[in-house]
């Protein structure tokens with residue numbers, strides 16, 4: 001009886017190791033971004049808006065008074 005229990009116990013451990021290894025593998029895979037990611041042109045838009053804001057601030061602070 002003990003041999004059967006030991007064999008089933010090691011099988012259970014192997015099954016658990018296999019499932020945890022499968023979970024570990026799925027967690028290590030890179031996550032692909034979907035369609036809701038940030039578009040590439042938004043960085044350029046942010047840069048241009050920053051430059052325009054700086055120019056407007058320069059005009060109001062230094063040239064108008």
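Placed from the backbone N, Cα and C atoms, the Cβ positions cover glycine too.
Looking up 20, 26 in Swiss-Prot for phosphoserine, the annotated residue turns out to be 26. Sequence-distant contacts of the transmembrane segment (44-64) (same chain, at least 6 residues past either end, Cβ-Cβ under 8 Å): none.
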